[in-house]
Amino acid sequence: MAPPHPRDPSTAANYEQVTVSHYALKWKVDFEKKHIAGDVSITLDVKQDTERIVLDTRDLSVQSVALNLNGEPKKAGFTLEDNQALGQKLVITTESLKSGDRPVLEIKYESSNNAAALQFLTAEQTTDRVAPYLFSQCQAINARSIVPCMDTPSVKSTYEAEVCVPIGLTCLMSAIGQGSTPSECGKRTIFSFKQPVSIPSYLLAIVVGHLERKEISERCAVWAEPSQAEASFYEFAETEKILKVAEDVAGPYVWGRYDLVVLPATFPFGGMENPCLTFITPTLLAGDRSLVNVIAHEISHSWTGNLVTNFSWEHFWLNEGFTVFLERKIHGKMYGELERQFESESGYEEALVRTVNDVFGPDHEYTKLVQNLGNADPDDAFSSVPYEKGSALLFTIEQALGDNSRFEQFLRDYIQKYAYKTVSTEEWKEYLYDSFTDKKVILDNIDWNLWLHKAGLPPKPKYDSTPMQACKDLAAKWTTEGSEAPTDGEVFAKMSNSQKLAVLDAVRVNKTMFGDRMPALTATYKLDQAKNAELKFSWLMLGLETKWSPIVDASLAFALAVGRMKYCKPIYRSLFGWSATRDRAISQFKANIPNMHPITVKAIQSLLK
């Protein structure tokens, strides 16, 4: 029997005594003050007798707290106590609450004008330069900066919301829209939402902006600023097709709608799996649908992450490792098993190896699958490790068991068993053993301690390396001493985007043998003209790593234009580490801080410590 979940270290909430079943939000979005003001009614379930309720906050101004136990709200005393990197604890003293009580907390408050979850953009900072824009990013522990809450994945709740925004703007949330009405003053619009499926706090999300909607199917649409609407519709036209394949792999889709919204370039991630409304970076708008693998990833989160959720951020791999594995299962069904094998090997070699060896170092705590976060902000540990090391473990297990269809059925059963719940690594492992009692000897041969609790690289799974070898062979023509570099770019041009990336990665791995061939590589493969952001990023990184001075201006411009941390953090790391570019890069970064997302600012500032 798996042990009870240990306490989530990233929250101060007393969720062992009291839990939240529902949030009812009434918000007013103020673009001038750059904050959200309003109130929240929090329905509680008391599990153990208590005389206090503890919620997470960060930089909130709390005006009043009332507790409604028997239909009559009574003013409650409260204090805000510092909780270091985790914000402030809102400690509410109550009359004696008994197990089984269902009181409602009523809190009036407002966010600060630098809430960690929010980015307010002026009209000039948006793509169309027509109207201001707001979007949120609550993962991992930033929901507490826009609502007092139990900000832990261990607590799942439904929510409803009424959001008042300036007239002419559209509001979207991670919920099902219930329509809109004009405000009494006629200058604002009130949008209503309901999320009937219980979700963790990090999946609370809001967007407000000048947006246009394009229908993809009965349950899928894409939202974007009008100038990007057609391009977004073209890029993501296969969303319904991907969703249907995902249902074949993982089971029924329970969220009603699957909409996408293309955010401004400052959005710090590739995508964010907010229920009913996936947030997407505009860097995916390649014009040829070559980066829609991110959509398969975010769709997969509808089962692993959103439906079955890691109980704490120390077990983040249960969200992301499973989701990467499902994403590649979907691609295997759509494009063939060889493509799944290739993507899996690419993830191991291009992302995991580099993160472990070059970013953290092989002995670092954050290269473990199950991590000890202590009082650290979980964002500090964010990397490709839970994604790729987690996926590699599942690939290894599937391979060892030798029955892909049975392992796929296990995944569906696992999702069904833990749907609407949270799960620990020990619970998952116990369920794995219970599902394969006839394969215990095989499972026992897996070095669980090495995979789950040891730092560094795990053993590389046995992939079919046929497509990868073709990429390495082409790269070797650029990096083998005495070889003649290719002058014909046709072979490269005919490759898929993921194969092109593998070629450049293989060159980067062997860059010491690359010599002064950067100008020739750039010209032969027309890399300076790349519209695909992944390809352009790999080219820029190769140029920086080989200290090719003509790449500097393009690298600085890319880091300035793109807020996605996957790109700008490594670019700034390289620029900061090169004496010839350090001062210029620091100057650009500091000057651009007002235009950047706070999550991105914090991540890049950490490189300067």
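Yeah, the Cβs are placed from backbone N, Cα and C, and that goes for glycine too.
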Write down the one residue from GLU314, GLU320 that Swiss-Prot lists together with HIS297, HIS301 as binding Zn(2+). GLU320
Please report the DSSP secondary structure of PHE269 (substrate binding site), reduced to three states. coil
List which of the recorded positions HIS297, GLU298, HIS301, GLU320, TYR387 have their Cα within 10 Å of the Cα of GLY271 (substrate binding site), in sequence order. HIS297, GLU298
Give me the long-range Cβ neighbours of GLU320 (Zn(2+) binding site): same chain, 6+ apart, Cβ under 8 Å, in sequence order. GLY305, PRO386, TYR387, GLY390
Nearest by Cα to GLU298 (active site, proton acceptor), of the binding-site residues GLN137, GLN139, GLU273, MET565, is GLU273
Given the Zn(2+) site HIS297, HIS301, GLU320, its other Cβ neighbours within 8 Å of the Cβ centroid, in chain order, are GLU273, GLU298, SER300, THR304, GLY305, ASN319, PHE322, THR323, VAL324, LEU326, GLU327, TYR387
Spacing of the two Cα atoms, MET565 (substrate binding site) and HIS297 (Zn(2+) binding site), in whole angstrom, works out to 17
